[in-house]
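Structure record follows, encoded as C-alpha cells.
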Amino acid sequence: MPVQAPQWTDFLSCPICTQTFDETIRKPISLGCGHTVCKMCLNKLHRKACPFDQTTINTDIELLPVNSALLQLVGAQIPEQQPITLCSGVEDTKHYEEAKKCVEELALYLKPLSSARGVGLNSTTQSVLSRPMQRKLVTLVHCQLVEEEGRIRAMRAARSLGERTVTELILQHQNPQQLSSNLWAAVRARGCQFLGPAMQEEALKLVLLALEDGSALSRKVLVLFVVQRLEPRFPQASKTSIGHVVQLLYRASCFKVTKRDEDSSLMQLKEEFRTYEALRREHDSQIVQIAMEAGLRIAPDQWSSLLYGDQSHKSHMQSIIDKLQTPASFAQSVQELTIALQRTGDPANLNRLRPHLELLANIDPSPDAPPPTWEQLENGLVAVRTVVHGLVDYIQNHSKKGADQQQPPQHSKYKTYMCRDMKQRGGCPRGASCTFAHSQEELEKFRKMNKRLVPRRPLSASLGQLNEVGLPSAPILSDESAVDLSNRKPPALPNGIASSGSTVTQLIPRGTDPSFDSSLKPVKLDHLSSSAPGSPPDLLESAPKSISALPVNPHPVPPRGPTDLPPMPVTKPIQMVPRGSQLYPAQQADVYYQDPRGSAPAFETAPYQQGMYYTPPPCVSRFVRPPPSAPEPGPPYLDHYSPYLQDRVINSQYGTQPQQYPPMYPAHYDGRRVYPAQSYTREEMFRESPIPIDIPSAAVPSYVPESRERYQQVEGYYPVAPHPAQIRPSYPRDPPYSRLPPPQPHPSLDELHRRRKEIMAQLEERKVISPPPFAPSPTLPPAFHPEEFLDEDLKVAGKYKANDYSQYSPWSCDTIGSYIGTKDAKPKDVVAAGSVEMMNVESKGTREQRLDLQRRAVETSDDDLIPFGDRPTVSRFGAISRTSKTLYQGAGPLQAIAPQGAPTKSINISDYSAYGAHGGWGDSPYSPHANIPPQGHFIEREKMSMAEVASHGKPLLSAEREQLRLELQQLNHQISQQTQLRGLEAVSNRLVLQREVNTLASQPQPPQLPPKWPGMISSEQLSLELHQVEREIGKRTRELSMENQCSVDMKSKLGTSKQAENGQPEPQNKIRTEDLTLTFSDVPNGSALTQENLSLLSNKTSSLNLSEDSEGGGDNNDSQRSGVVSNSAP
C-alpha cells in the first residue's frame, strides 16, 4: 500500500520514518520520481520501487548519490563522495557536476524555511522568496539528476521556477493598491460582476438550486429567482448585478443554451457543473482567465482573499492558475515584463535576464517531451540560477514595493484603525492592499506617522488671519496636550463653521494637567462615520505643537477676581472646545448627550467664601441631551447664561462646590440645520411648581463660554476685570430649592434684604469695568461668524446676508440707546417726575445688560463704524454696528404710577422693547434659538415660553398646544390659591384687573412673527439671583403690605393699560397676579418693583399667548381668562 506523501514543507525528514536526514545512517537519497527517502528506509524496501507512487527504481540504490543540497540545509557535514562517473563520458560528468552545483546554490534560499521547521511555519519564517517560489524550489531540489526521469523533472521544475520568477518581477512592478480595482474593472468590462465573497457564494448556490435538477430556465426567470431569495439577506441585490453573475457563468460555458424563436433562450446547467464545487471552480477559473487576459498577475494568496475572503483557498487557486498556464503564457509573461521595464526605465538592469528567461520558456513542459541532454540540463539550471539570483537582488536592492507600503496614501486615516476582518476572522480578503492595519505594531506605526503630518489646508480663511496678524495662537497649546489633527482631514468649511469630520477636536488646557473626563469624549457613530469598522478613534491623541490653524482664543483669559486681590493659583486647567470644531457628525441632530456634571441645585447660591474667587472650569462643547420620549416642536430648551468667557464660569470639577450653572445656549451650535424638538421634563416641572427648583444634572447642558474670536475688530474692548458676581459672598441659604415645597425654614427677611443689596452693588460695579489692555481681536471674515444669531432656516443657503445689510437699527451703544429712549418718550405719556431717567440702581444694571446684549448680538456684521455726533466711536459697551431695523420698536414709554410715598421711577419702553423684538412681542424677523437671557427680572420661565414660541416659523405640534393649555390651567389654579390669601380686597382688585385685561385682550393685536434673535446678558446670573432674593422678600413682606398700597398698585397697572389705549401699540402685556406680591410692599434700596414687575411679568403672558397664536388657532382664552401667568423661576 503506498505511503501518503508528506507536506512539501517537510522536505528535511524522511517521509517513511519521519526522521531528519543526517550524514551518517539517514542520508537523503532522491529517486527519479521526485521523492527523497533516507538510506536506511531505502534498504528496507522489499522491492526496488518508490513506496509512494510505486515507480520502479532503475539505478542501483548503492549507486544513487546522496542529496548534498538537503544535507547542507539540515546543517550536516557533507561527506566526501566518490566522483560519479557517468557511462556517457567525462563531458557529461562535467555537465552533471555543474548542474548539481546550481541546485545546491538555489537550495540555500530554503535555509530560513528549514530553520523554522521545528516550530512550524509562521510569520517569523521570513524568506526572500515567496511561498510559490519556495515550493517550486523544493521540487527542483528533490530531483535525481542521475536518472533520466529525474532530469526531465528538473527541467520542468526549472521552467516553472523561471516562469514564477517572471510573475514575481511583474508583481514588483505593479501597484498592489490598484490590483483589485483593476481586476474588477476588467471583470466588469466583460459584462460580468463579482459581488463579494459572501454574496457571490449565495448567488451561485441559488443558481445551482434553481438548475441542479436539470430544468431549463430563461435568464430573466433565473435572475428574478436569485434576486428574490437574496433580498432578505442582501438588500443591495439587484437584477442587474445578478444578471452579471449569470453572464460570468455563461462565459465559463456552464450552461447548455436552447434558443427559441421570438422568445428568450432557455439555459440549462451542464451535468458536470451541477455540484457547487465544480460550479465554483469553473467560476473562479473564468475570473482568473479574465485577469490573465488583462495582463494582471495575482498571487494565489491574493486570489484566495479576493474570491473567498480568507487564506484557506490558496492551493485551490494555485491549481486553477497552473491549469490555465499554457506553454505560450511564459513567453507572454516575458513580453509583459519587458513592457513594464520600459515603462519604469529598468533601474536594476533586469533586461540582462531576458535571454535566460527565453531559454527557460523554450523548454517543453509536456510529459512526453524527450529527455534533455546533459548540456541542456546544465544550461537550464544555470539559467534558472541566474534568474532567481536576479529576482533576489531586485527584491533586496531595488524593490519599491516595501517602501510603498511604508508610505501612507493621501488619505490621512490609512492604516490608523484595525481591520475588522482581521480581528473577527483572523484574515483579510484584501491582503496587502487593505487600507486598515493588520497588527498592533502596524497600527501604532502609521498613527505615529500621521501625527507628524500637518493638515493640508487651513480650517478657514479667518483662521489663517490669526497667524497673519501675529496673534499667539500656537503658544497657547501646552506641551502635555495637543489636538489630534493628523487622523482627520480638514474638510471644506461652509459658512465658516467646521463641518463634520473636522480636525479640531479640543482646545488645549493652559495648565499642565491635560485631564479629560471620559464622559466628555464624543461617541463615535459607526453608521455615520467613514472610518474603520474596528476600534473607535481616540479623538484626543496628542498632536504637533505647530498647529497654528486652530480656532483658539488668541486672548488670555483675564483673572476672575478684582484686580486688587492677589492672584489665586490655578490648579485646574481650562479646557475649551474651539468654535469651529465638530465633535459630532452633521447628521447627528437628534441625539443629545448628557451633561457630565453632577447633580446640583439650579439656583442655590454656592457657599463660597467672601473675598475669594474660583478658577474657571474646563468648558466642553455641545453636550446634547438624551433622546426625548415625547418630542415637542420648536428648538430645544436651553439654559440662559452669559456667553462671556470671563463672566460666568464656575469650576464644576471641584467636589466642594455643589452649585452648577447651565449654559445660555448650546456651546457648539451648528447654525446650518434646525435642531429637533425636545421633551422638556424639567420645563414641565417648572410649570407645576410655583417656586424655584433645582435642575437635575441630566437635563443641564454643560456651560460653554462664547469664543471672543467671533467678534469684529471693533470689539477689541471687553472687560478684563472679573465680574463682581464671581466674588460670591456667603449667603446662608441652608435649604436648597427642590422640586417640591421645602419643609426647611426660609431665610429671614433681613438676610434677604442684605443679599439683595449685595447683588445690587455688584450689578452697579459692572458699570466701571475698564477695557482690557490687550490688543483687539482680528477682523474676521463674515464666513466665520458663529451663526447662532441667525435664522437657522436661512443659514443653509447663506441668505441671512440680506437681513444683515438691508436694515439698520442704532441699538448697539449706550449713546444711541439712551437717545432713542429719550426721543420716544417725549411725545408720549410723560413720567411723573417729568424726565426719562433711571432712578434705580437695579434698573441701570438691567439697562446695561440689555445694551451689552444688543451690542454683542449685532456685532456679527462687518460693516463700517457709524459715529453719531461728538460721542466716542467706541463706547464702553462696544462699537456701533448695524442690525435689523425691526429691532427698534417705537412703542413709547411703558409707564406705571409708582406707589404713594415711593421714589418716582420711569421705565422707558426702549429698555424693554429689545425684548419685544428679540422675544417675539413685535415684528422681528429673527428667531431666537431658545436662548433669550433674563434682563433684570426676566425669568427663566419667560425664556422657556419664548423658546416654545421660537419654532422657526413652523406650526407648533398638537403636543405643544396641549402643553401650553395645561400650563395655563395650572398657572391659573396657582394664581387663584395665591389671591385667596390676600383677602377680599385683593380678590376684588384682581377682578378689576381681570376686566381691564379682558378689555385690552379684545383689541386687535399686530401679527406675530416668531422671535428670531437670541439675547445674551453677561450679568444674567446676578439678575436671576436678584430675582430669587426679591421673591423671598416679597413673600416675607406680603403680610406687612398696606391695603392702600395694593390699591395704588392696581391703579398703576390700570394706568399702564390705559397708555396703550391712548394711541400706544399695546405691547401685549398681561399682568401676572401671582407676581403682584412683589409689588405689594415697599422694596428696599429706595425703589419699588411695581413698574418693572408689571412689564416684565406681563411679557411672559404675552409669550404664552404667542405660543398658542403661532399655531394659527389664536387661542388666547386660556391665558386671558385670568390675565396672569405663574412666575416660577426655572
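Quick reminder: no glycine exception, Cβ is built from N, Cα and C everywhere.
Confidence over the zinc finger (14-54), given as mean pLDDT on the 0 to 100 scale, stands at 85. Summarising the annotation, Swiss-Prot assigns zinc finger to 14-54 (among others).
Positions annotated as Zn(2+) 1 binding site by Swiss-Prot, on the basis of experimental evidence: C14, C17, C38. All chains included, 23 other C-beta atoms sit within 10 angstroms of the C-beta of C38 (Zn(2+) 1 binding site).
The annotation Zn(2+) 2 binding site is assigned in Swiss-Prot to C33, H35, C50, D53. Secondary structure at D53 (Zn(2+) 2 binding site), as computed by DSSP, is coil. Its own atom aside, the Cβ of D53 (Zn(2+) 2 binding site) has 13 Cβ atoms within 10 angstroms in the protein chains shown.
Sequence annotations record features per position, and here Swiss-Prot assigns region 'HEPN-N' to 128-176.
Swiss-Prot lists 177-326 with the feature region 'ROQ'.
If you look up Swiss-Prot, you'll see 327-399 marked as region 'HEPN-C', on the strength of experimental evidence.
Secondary structure of the zinc finger (413-441), assigned with DSSP and counted as helix (H, G, I), strand (E, B) and coil, comes to 11 helix, 2 strand, 16 coil. Marked as zinc finger by Swiss-Prot on the basis of sequence analysis: 413-441 (among others).
Swiss-Prot lists S462 (among others) with the feature phosphoserine.
Per Swiss-Prot, the feature region 'Disordered' maps to 493-567 (among others).
Here Swiss-Prot flags 497-506 (among others) as compositional bias 'Polar residues'.
Marked as phosphoserine by Swiss-Prot: S531 (among others).
Annotation source Swiss-Prot lists phosphoserine at S535 (among others), citing a large-scale study or a structure entry.
For 553-567 (among others), the entry in Swiss-Prot reads compositional bias 'Pro residues'.
Residues or ranges marked as region 'Disordered' by Swiss-Prot: 722-750 (among others).
Annotation source Swiss-Prot lists compositional bias 'Pro residues' at 732-746 (among others).
Marked as phosphoserine by Swiss-Prot: S861 (among others).
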Sparsest-packed among the binding-site residues, when each Cβ's other Cβ atoms within 10 Å are tallied, from C17, C33: C17
Zn(2+) 1 site shell beyond C14, C17, C38, criterion: Cβ within 8 Å of Cβ centroid: S13, P15, I16, T18, Q19, F21, R26, V37, M40, C41
Local backbone state of C33 (Zn(2+) 2 binding site), from DSSP in three classes: coil
Distance from C50 (Zn(2+) 2 binding site) back to C38 (Zn(2+) 1 binding site), taken between C-alpha atoms, in Å: 12
Under 8 Å by Cβ from C14 (Zn(2+) 1 binding site), same chain, sequence gap 6 or more: T20, F21, R26, P28, T36, V37, C38, C41
The region 'HEPN-C' (327-399), counted residue by residue under DSSP: helix, strand, coil: 54 helix, 0 strand, 19 coil
Composition by DSSP (helix, strand, coil) of residues within the region 'ROQ' (177-326): 94 helix, 16 strand, 40 coil
DSSP three-state assignment (helix, strand or coil) for C38 (Zn(2+) 1 binding site): strand
Rounded distance in angstrom between the Cα atoms of C50 (Zn(2+) 2 binding site) and C17 (Zn(2+) 1 binding site): 14
Remaining residues near the recorded Zn(2+) 2 site, that is with C-beta within 8 Å of the centroid of the site residues C33, H35, C50, D53: L31, G32, G34, P51, F52, Q54, T55
